[in-house]
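Structure first, then comments.
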Amino acid sequence: MALEDQCSAPLRWRAISVTHVEFPEGDLTGRLLAYISLLPVAIIVGFVTLIVFKRELHTISFFGGLLLNEGVNWLLKQIFREPRPCAGIHATVYAEYGMPSNHSQLIWFFVVYFFLFLYLRMHQTNNARCFDLLWRHILSIFLLGMALSVSYSRVYLLYHTWSQIFYGGVTGSTFAIIWFFFTQEVLTPLFPKIAAWPISEYFLVRDTSLIPNILWFEYTVTRSEARNRQRKLGTKLQ
């Protein structure tokens with residue numbers, strides 16, 4: 001969908017209910033991409049859910065970086081003040097300027113940070129090394145496809161130009177690398193002290209940074225606790 005052609009085309013736009021993300025009426029590809037463009041919203045909701053139920057400091061730091069990334073995007077938009085393509089074609093646009101793309105910057109921050117977390121932070125502690133690498137590669141390919149799809153959706157739906165989503169991706173990726181190493185080198189050594197604060201203990205905030213593979217750890221601990229309780233229950237019933 002070329003921007004020059006579509007800006008002048010007499011298309012009727014429909015919005016996904018509540019979200020106000022619009023797509024050309026009758027365009028199934030546009031409808032699908034409109035839903036894909038909502039993935040950043042799902043990521044934010046997922047973060048809030050994880051923080052409420054897990055209360056883990058690295059997750060909180062990750063989300064903090066995501067919010068800072070949003071602040072950087074807002075600042076850059078005020079500096080560049082580059083308009084969106086096809087001004088006025090959409091009924092509802094939450095930001096007047098389009099450089100860099102907010103969606104592109106957010107999704108690439110998330111994906112690049114997740115890449116670094118998968119390959120530099122997580123380490124498998126059992127012997128299934130080949131399977132461990134396989135699922136990481138599969139997840140990485142899925143995340144890459146997700147980032148590319150979200151970025152493309154913003155161009156297809158005429159919310160951004162190619163340059164706006166490109167620089168959004170570059171900015172988000174760069175900030176993700178900076179924030180990841182800042183978290184690892186500066187914040188992570190402070191996590192044990194933060195977790196020991198009275199307010200952290202009150203809200204059950206925890207630090208799992210010294211656990212190589214939190215998924216494997218939680219699985220083994222949960223399985224062990226369940227077996228112990230089952231054994232005690234069986235003893236009482238006898």
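Placement of Cβ uses the backbone N, Cα and C atoms for every residue, glycine included.
For reference, TrEMBL has these:
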{"type": "TRANSMEM", "residues": "32-53", "note": "transmembrane segment"}
{"type": "DOMAIN", "residues": "63-180", "note": "domain 'Phosphatidic acid phosphatase type 2/haloperoxidase'"}
{"type": "TRANSMEM", "residues": "106-122", "note": "transmembrane segment"}
{"type": "TRANSMEM", "residues": "134-153", "note": "transmembrane segment"}
{"type": "TRANSMEM", "residues": "165-182", "note": "transmembrane segment"}
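Counting only same-chain residues 6+ beyond the ends of the transmembrane segment (32-53), those with a CB under 8 A from a CB of the stretch are 16, 19, 21-23, 59-60, 62-63, 66, 102-103, 106-107, 110, 146, 149-150, 152-154, 156-157, 159. For the domain 'Phosphatidic acid phosphatase type 2/haloperoxidase' (63-180), the DSSP counts in helix, strand and coil order read 85 helix, 2 strand, 31 coil.
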